[in-house]
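Take a look at the structure below.
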Amino acid sequence: MMGVEWALVCHGLLTALVVVSFLCGRWPIFEGTFIQRIHFFLTFGFYDYFLRFVGAVFGAKGADAILSLEKFCCDRPNPLLQIIYLAILSSTYYFIAKSCFAYIPGYYLGDFHRYTSFLAVAVGIVLFLLTSFSDPGTVKAQNVSHYLSAYPYDNIIYEEKECSTCKILKPARSKHCSICDRCVARFDHHCGWMNNCIGEKNTRYFMAFLLWHFLLCLYGTVAIGLVLAGRLKELKVVYILTVYYGVEKSFLDLAPHVVQWLLGSYNTQILLMVFLAIVAMLLAGFFCYHAQLCLSNTTTNETYKWQDYLDWQRKLKEAQASAEALKQSINGMTGEKRPVVSKWRSFFRRSPLEDVVVVKNNIYDKGFIHNLWEVISPLSTRRTLTQTKSKSS
């Protein structure tokens, strides 16, 4: 039994390491660490080595076949990840129903959870379908003027120009998706799980999908935990351990024996509970990230644009500060009289580069209440904007 416990502990630690490395490996705090190296291996190195291996064993035709498969899966619309999502959801619900419904109703759970669980899964599928098949805000020649009036150009990360593919004027905050081959208003990202872009019109469905699936996984984790707690109560496991086996009635003494009994009798339920808890944490992090973007009226695409712009501005200002410092040093060498500064004071003097400040001026951020309402009710769908357009025409 102890071997099973240690196997589960090692499995959990390894899963946590892989998840953290994959999601957070590019964070500055992990720079130069093994977390960053694992992230590089998972996102690039493994595939590169695999491609070389296929090329060495099967030749150029084998490598070309892998590249063709990559193009099909990553560079064009396909339902592969949608099928995987439906398979994961349906199989997880099947195993939960098979392993847990026999104990419902139980000591802590009523019979209605059989039906609420099915209803919760059905709502999740509806949100998935809404996000997958709704229009993200496709910009066409027929409606481009409508989208142009929705958002002004900030002349920082967006300026007036034509889409080289669609041959129409690109509205501010839009982007041409190379996978879907269309311009999308208020483009956030292309989601492979949805086989659709996330844009102005379906961001609300995407956020609802993330939040609902987080709550769904949390519900499943708590429900399975209550099933196991109910079995402990109904079978009087604690009573038997303390009365018949002489185990002290304290948490530290009882916990190892209770965990050992659960792992031996209900290992499927425990694995499902751990799986749901991990997925819930991932969904919570992803939802919080996108919620922060929505409340600041920024998209994932704009995050990268702002990062590039701020880096460029910072380098420009650092170059100007360095040039100014060099000019002052040259003036000092030419004999211009300067006040004497002690070596101790000059040692602690701030570098001119530390005073470089770059400010992000997001004109689309109009307060979190207005930003949230803009996600719930997109600008291009509002009656006031339509009326304004009709009056101007």
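Every residue, even glycine, has its Cβ placed from backbone N, Cα and C.
As recorded in TrEMBL:
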- 6-28: transmembrane segment (TRANSMEM)
- 40-60: transmembrane segment (TRANSMEM)
- 80-103: transmembrane segment (TRANSMEM)
- 115-133: transmembrane segment (TRANSMEM)
- 158-307: domain 'Palmitoyltransferase DHHC' (DOMAIN)
- 205-229: transmembrane segment (TRANSMEM)
- 270-292: transmembrane segment (TRANSMEM)
- 309-336: coiled coil (COILED)
So what's the average pLDDT for the domain 'Palmitoyltransferase DHHC' (158-307)?
92
What are the DSSP helix/strand/coil residue counts across the domain 'Palmitoyltransferase DHHC' (158-307)?
91 helix, 14 strand, 45 coil
